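These features come from TrEMBL:
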BINDING   89, 91, 95, 134  Ni(2+) binding site
BINDING   89, 91, 95, 134  Fe(2+) binding site
């Protein structure tokens with residue numbers, strides 16, 4: 001089973017809506033991989049004893065793990081937190097998320113600066129490369145339980161766009177855009 005992803009429309013309606021173009025423009029796993037986005041589909045009901053997850057964690061050095069429940073009942077200042085997550089940013093490290101319950105959207109920029117919406121549902125594990133512009137929101141279910149994975153101690157520092165001079169952004173551009181042509185620039 002593959003993750004669902006599509007190019008987003010330009011609507012400013014509720015960020016929790018699907019925002020598909022009309023007609024829908026679906027994005028393949030190969031297209032996401034060209035942007036550096038990695039994906040696995042695992043069994044979320046067995047995450048504590050999942051051998052495949054264990055192998056991924058060992059091979060990629062993900063030594064730290066925690067669980068995050070996001071919903072209005074469990075998060076103080078929920079609406080404000082959602083707005084913060086939805087601000088376009090990068091990180092200096094990979095962002096690794098495994099959806100155990102519920103659902104939500106990660107939006108990433110492609111090489112032409114278009115938004116791609118990635119719909120995460122139970123079993124979906126994605127890795128966003130350091131330096132890729134992205135944002136997160138829940139969908140209309142208003143609930144997701146995510147496993148966060150980190151290499152070493154958890155560091156989650158968001159650097160809001162523009163960040164063209166950040167070392168992680170420069171490395172991302174070198175690895176995922178220059179070999180294809182024009183590097184992305186902030187607008």
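These residue numbers are counts, starting from 1, taken along the chain as shown.
Just so you know, glycine gets a Cβ as well, placed from its N, Cα and C.
Residues 90, 128, 132, 133, 135, 158 surround the recorded Ni(2+) site, their Cβ atoms falling within 8 Å of the Cβ centroid of 89, 91, 95, 134, which are themselves excluded. Around the Cβ of residue 95 (Ni(2+) binding site), a 10 Å sphere holds 21 further Cβ atoms from the protein chains shown. Among the listed binding-site residues, namely 89, 91, 134, the Cβ with the most fellow Cβ atoms inside 10 Å is that of 134.
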